[in-house]
Amino acid sequence: MAMEGYWRFLALLGSALLVGFLSVIFALVWVLHYREGLGWDGSALEFNWHPVLMVTGFVFIQGIAIIVYRLPWTWKCSKLLMKSIHAGLNAVAAILAIISVVAVFENHNVNNIANMYSLHSWVGLIAVICYLLQLLSGFSVFLLPWAPLSLRAFLMPIHVYSGIVIFGTVIATALMGLTEKLIFSLRDPAYSTFPPEGVFVNTLGLLILVFGALIFWIVTRPQWKRPKEPNSTILHPNGGTEQGARGSMPAYSGNNMDKSDSELNSEVAARKRNLALDEAGQRSTM
């Protein structure tokens, strides 16, 4: 199936991948060139894992996981395969985020630095917890087969909305964290004097912001949504199911030969309205 605005989508996707990759490279260059490298000994070198893993996992990989359903060359793949890829990318992002949080707490505890006093730490920990809950609920409800269809229909809009909110929160938290680190670390020369490290990390923040904006734009364009699979089951919040229009119409016609034309026309119209309304809840925005 052809995608509307295919080349525009490719341009935005390529831009997002480029900016996201540059964000990861900038984070690595920052800690390796300006912050003396990486380690796992409780020192500042261990803390340096925090920005690298957060930018790599919680920003870049999570962003790719959000838009993976929208890649048109995957539309011929089964929905189960795409769900597995989506869940796998989010699981990798979650693991990297957890390791980065552990690095911060270990560094603070070894050096007797207080934990969880800044807004960055509050919002960041909330984002990690919500992300883990989102991952667990998504795996349990949408990937495993035993969840009732009515539960999936009810949770799908919540899953989509909360995923976008969490990603936006992560972007904001990353920007707060970069600024906080520069204020604490840059003393001579001070951050206010535009030192090279300050300018470099500010640029990293802009890259993260642009990456987030591109992901938001891609994931909110309805014309780039993964098309509904033929003969797929549409979920009703009341627990019922409806087959895709092509697969259901012949059976419908055969079972209603005794009905009048007016009754058939009214039921067909009602069914089309229900399909249009329910399809929004069935297909993930992502």
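Cβ coordinates are placed from backbone N, Cα and C, and glycine is handled just like the others.
Annotation source Swiss-Prot lists topological domain 'Cytoplasmic' at 1-7 (among others), citing a curator's inference.
Summarising the annotation, Swiss-Prot assigns transmembrane segment to 8-32 (among others) and lists experimental evidence as the type of evidence.
Helix, strand and coil residue tallies for the topological domain 'Extracellular' (33-47), in that order: 6 helix, 0 strand, 9 coil [DSSP]. Swiss-Prot lists 33-47 (among others) with the feature topological domain 'Extracellular'.
Counting residues 6+ beyond its ends, the transmembrane segment (48-69) has Cβ neighbours under 8 Å at 13, 16-17, 20-21, 23-24, 26-28, 30-31, 35-40, 82, 85-86, 89-90, 92-97, 99-101, 103-104, 127-128, 131, 163-164, 167, 170-171, 174, 177-178, 181, 204, 208, 211-212, 215, 218-219, 225-226, 284, 286 in the same chain. Here Swiss-Prot flags 48-69 (among others) as transmembrane segment, drawing on experimental evidence.
In the three-state DSSP scheme, TYR117 (heme b 1 binding site) is classed as coil. Residues annotated as heme b 1 binding site in Swiss-Prot: HIS50, ASN115, MET116, TYR117, SER118, HIS120, GLU180.
Within its own chain, the topological domain 'Cytoplasmic' (70-78) is flanked in space by residues 1, 3, 6, 9, 13, 218-219, 224-227, 286, which lie at least six positions past its ends and keep a Cβ under 8 Å from the stretch. Summarising the annotation, Swiss-Prot assigns topological domain 'Cytoplasmic' to 70-78 (among others).
Annotation comment: Swiss-Prot describes 79-105 (among others) as transmembrane segment, evidence class experimental evidence.
Same-chain neighbours of the topological domain 'Extracellular' (106-118): 42-44, 46-47, 125, 180, counting only residues six or more beyond its ends whose CB sits under 8 Å from a CB of the stretch. According to Swiss-Prot, the feature topological domain 'Extracellular' maps to 106-118 (among others), an assignment based on a curator's inference.
Positions annotated as transmembrane segment by Swiss-Prot, on the basis of experimental evidence: 119-144 (among others).
For the topological domain 'Cytoplasmic' (145-151), the model's pLDDT averages out at 90. The topological domain 'Cytoplasmic' feature in Swiss-Prot is assigned to 145-151 (among others); the stated evidence is a curator's inference.
Sequence annotations record features per position, and here Swiss-Prot assigns transmembrane segment to 152-179 (among others) based on experimental evidence.
What Swiss-Prot lists as topological domain 'Extracellular' is 180-197 (among others). Same-chain residues lying 6+ beyond the ends of the topological domain 'Extracellular' (180-197) with a Cβ under 8 Å from its Cβ atoms: 30, 34-35, 51, 118, 120.
Taken from Swiss-Prot, the feature transmembrane segment covers 198-222 (among others).
Residues annotated as topological domain 'Cytoplasmic' in Swiss-Prot: 223-286 (among others).
Taken from Swiss-Prot, the feature region 'Disordered' covers 229-268.
The phosphoserine annotation in Swiss-Prot covers SER232.
Each of the binding-site residues HIS50, HIS120 was scored by the other Cβ atoms within 10 Å of its Cβ; the lowest score goes to HIS120. Within the same chain, residues 38, 48, 51-52, 55-56, 59-60, 63-64, 67, 70-72, 197, 200-201, 203-204, 207-208, 210-211, 214-215, 217-218, 221, 224 sit at least 6 positions outside the transmembrane segment (8-32) and bring their C-beta atoms closer than 8 Å to a C-beta of that stretch. Apart from the site residues HIS50, ASN115, MET116, TYR117, SER118, HIS120, GLU180, the chain places the Cβ of VAL104, SER121, TRP122, GLY124 no farther than 8 Å from the centroid of the site's Cβ atoms, the recorded heme b 1 location. Taking Cβ-Cβ distances under 8 Å and a sequence gap of 6 or more within the same chain, the neighbours of MET116 (heme b 1 binding site) are TRP122, LEU125.
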